[in-house]
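Each remark here refers to the structure printed beneath this line.
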Amino acid sequence: MKAAVISFPGSNCDLDLQWAVRAIAGAECDLIKPTQTDLTAYDVVMVPGGFSYGDYLRSGAIARFSPVMAALKQFAAAGGYVIGICNGFQILTEAGLLPGALQWNRDLNFICEPVALTVENAGTAFSNQYQVGEHLTLPIAHGEGNYYADPETLAALETNGQVVFRYANNPNGSMHDIAGVTNETGNVLGMMPHPERAVEALLGGTDGLGVFQSLINQTEGADVRGAR
C-alpha cells in the first residue's frame with residue numbers, strides 16, 4: 001500500500017498519521033502539500049486532524065478550496081480510498097465527499113479524552129480487521145465533532161450500512177451516536193476519533209491499528225488480523 005497524508009497549514013496530526021502508517025503498520029506513506037494536483041500514484045489518501053487554515057469561518061471551510069481537493073474528488077470518484085480524521089472528517093463533509101456536517105459539541109466545550117466505540121460495520125476497506133460489535137477505545141480531541149444530518153440522510157446511512165463506528169457513550173451530541181461514516185460507495189471514511197493515536201501499547205493502546213491494517217488488507221490482500 002502506498003498512502004499520502006495531506007499536510008495543510010494548521011494540520012497538527014499529519015506526522016502522527018504518517019508515523020502510524022509507515023513505522024507501525026509498515027506501509028509507504030508520503031506527506032504531500034495542499035497544492036498537489038495529481039494523486040494517481042497513491043492507493044490511499046489521508047486527511048489529518050488539526051486546525052487547517054486556523055479553522056477560520058468554520059472547521060474545514062477554507063481547506064476545501066485547496067487545489068488538492070479537486071484532485072481528491074477525482075481520486076475518490078475513480079475508487080481510491082480516502083480517510084479523513086477529525087479535522088479531516090470536517091474537510092470531507094465541507095467538500096461534499098461525505099454526507100452530513102460537524103457542529104459544535106453539545107456542551108460547547110473542546111473535548112480531549114479516550115472514548116468507547118463500537119464497530120458497526122466490519123465489511124469496509126477501513127474496518128475489515130475488526131469484528132462487528134467489537135469494542136474499541138480511541139482518543140478524541142475536538143470542539144466541533146457533533147455529527148448532524150437530516151432525517152432522510154440518517155435513514156439512508158443506517159440502511160446502507162454506512163455507519164462504521166458508533167459512540168458507546170455519546171460525548172458530543174452526534175446524531176445516532178455516529179463516530180464514523182462512509183460515503184455510499186464505501187471508499188471514503190470520515191471519523192472523529194484518532195486511530196493514529198492508538199497504535200502503540202506503550203502510549204495507551206493499539207485499538208486504532210486495525211484501521212490501517214484494514215487498508216493494507218484491502219489494497220494488498222494481506223490479511224494481518226491478529227497483529228494487534
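Keep in mind that glycine also has a Cβ here, set from the backbone N, Cα and C atoms.
Here is what Swiss-Prot records for this protein:
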DOMAIN    2-225  domain 'Glutamine amidotransferase type-1'
ACT_SITE  C86  active site, nucleophile
ACT_SITE  H194  active site
ACT_SITE  E196  active site
Other C-beta atoms within 10 angstroms of the C-beta of H194 (active site) total 23
The average per-residue pLDDT within the domain 'Glutamine amidotransferase type-1' (2-225) comes out at 96
